Amino acid sequence: MTESSFKLAIVVSQFNRAVTEKLLNGVLQRLTELDVQANQIKTVWVPGAVEIPLLAKRLAKSKHYQAIVCLGAVIRGETDHYNYVCQQVSYGCQQVALEYEVPIIFGVLTTTTKEQAFARAGGERGNKGADWADAAVSMIKLMKEIEITDE
């Protein structure tokens with residue numbers, strides 16, 4: 001399977017956009033390095049992290065994409081909201097992957113501080129977006145290798 005034979009989608013949260021734009025740039029830069037063309041990629045923006053699973057489900061249901069990369073940045077605040085958001089988004093993404101058998105790459109940073117988020121979005125810890133792009137391409141290849149045919 002060549003890199004040019006698939007399509008993937010990227011769902012990006014607008015909340016904490018300064019971080020998520022950097023993550024998106026990391027994904028796109030790595031995909032370019034892997035010779036994935038712009039016409040193979042669809043990027044959609046959602047208001048916040050909680051909305052990611054619904055759009056991921058819609059994209060998976062369309063059967064147009066062989067993987068979906070979900071990007072967000074949830075940064076702990078003073079309330080329990082952080083815990084609920086992190087749990088809902090991770091569970092929702094996993095459910096979509098299992099229901100539609102489409103790799104859903106969980107690219108949602110869950111950090112205690114903004115500094116930690118920026119460190120993982122192109123800062124001293126690198127750009128996790130590149131890792132998630134690699135994971136998407138790897139999973140597309142694995143799913144193709146282990147393709148199940150209807151009998």
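Positions of Cβ are set from backbone N, Cα and C atoms, glycine also.
Annotated features, as they stand in Swiss-Prot:
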BINDING   F15, A49, V50, E51, A73, V74, I75, F106  5-amino-6-(D-ribitylamino)uracil binding site
BINDING   E78, T79, R120  (2S)-2-hydroxy-3-oxobutyl phosphate binding site
ACT_SITE  H81  active site, proton donor
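Spread of the 5-amino-6-(D-ribitylamino)uracil binding residues is 16 Å (greatest Cα-Cα distance among F15, A49, V50, E51, A73, V74, I75, F106). For the binding-site residues shown (A49, A73, V74, I75), fewest C-beta neighbours within 10 angstroms: I75. Of all Cβ atoms in the shown protein chains, 22 besides its own fall within 10 Å of the Cβ of R120 ((2S)-2-hydroxy-3-oxobutyl phosphate binding site). Taking the C-alpha atom of H81 (active site, proton donor) as reference, the shortest distance to any of the binding-site residues E51, A73, I75, R120 belongs to I75. Secondary structure at E78 ((2S)-2-hydroxy-3-oxobutyl phosphate binding site), taken from DSSP and collapsed to helix, strand or coil, is coil. If you draw a 10 Å sphere around the CB of V50 (5-amino-6-(D-ribitylamino)uracil binding site), it holds 17 other CB atoms from the protein chains shown.
When the neighbouring Cβ atoms lying within 10 Å are counted for each of the binding-site residues (E51, E78), the highest count belongs to E51.
Geometry remark: A73 (5-amino-6-(D-ribitylamino)uracil binding site) versus R120 ((2S)-2-hydroxy-3-oxobutyl phosphate binding site), CA distance 10 Å.
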